[in-house]
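Following: one structure in structure tokens, then a few remarks.
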């Protein structure tokens, strides 16, 4: 059963690997990523997520570590000693992100930037200090992001909008053993998701506008709606569905650009299946359930069946949807392997 690190590494490098690996093969050897290839070919690059930027999916484009938990220097020393700077490695995920230097990087994970480097040129200075000293434009809220007018290798943009993951959009009760039979509830906006935080669609549109430079070779951008998975793990249907809506709006932003541009490939997929199912309204399955009231006033029951109350719902091995629009979109028709996506994107961008 795959996790997000192994599956993300698959499409970012074209190489299968073990769970927990960030763009290294089964022997821990770094594998070049799509973002690194795009950058080497003169394209602008971006990496956007509602998770911590060190989380598996954003990390697979910018870093190479033997354990996905190696966010910052301290965790890298403990979990990935061969990757630690003091042992001659490339450093933590955060340190490698800074060095990989995408033109646009937006998400959460500010807490890891507060740690200090343990070796090298920047030893004793925080990773955030290092980032600023190396020319990044650092923004921390929606207003700051809106004011950014350019992003390139001289002044790349780093958006850090939360200490950890960004707050979810919707809240509501978790699924329980009897939740399906209880009165239907409406999901409500999460007060922690304030106007000061950019939506995923806003981050996507801004990244595209900064990366789209006429006369250049194009750009590569990865966008993740991270907490669909995280709220599924928590058996939180409102959190999960609200993040799906957020992601849907981001997909629309990308498609609107692609339709106008006429030469952009948009690929939408998941990295793995998950436990949640929509079942008959009012059902109480052997697992956990919750009945929600939809926008049109109808009951909808969600079920989770791979962990007990308080546990983490598990990934499933189901085949996941992949869809595409634009040049070479036909290459994702039918059943494909996740590693095939690397070659589809590489060839669409004519990367060598």
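Note that the numbers count up from 1, one per residue, in the order the chain is shown.
The backbone N, Cα and C atoms fix where each Cβ goes, glycine too.
Note that TrEMBL annotation is computational and uncurated.
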### Task
Kindly point out which candidate in 115, 182, 224 is recorded by TrEMBL as part of the Mg(2+) site with 55, 57.
224
### Query
229, 233, 271, 272 bind Zn(2+) according to TrEMBL; which of 260, 315 goes with them?
315
### Task
Measure from the Cα of residue 271 (Zn(2+) binding site) to the Cα of every one of the recorded positions 4, 55, 70, 187, 238, then give the nearest.
4
### Query
Excluding 229, 233, 271, 272, 315, which residues of the same chain place their Cβ within 8 Å of the centroid of the Cβ atoms of the recorded Zn(2+) site?
3, 4, 232, 270, 273, 274
### Task
Provide, as an integer number of angstrom, the distance between the C-alpha atoms of residue 315 (Zn(2+) binding site) and residue 55 (Mg(2+) binding site).
17
### Message
On the three-state reduction of DSSP, what should I expect for residue 238 (disulfide bond)?
### Response
helix
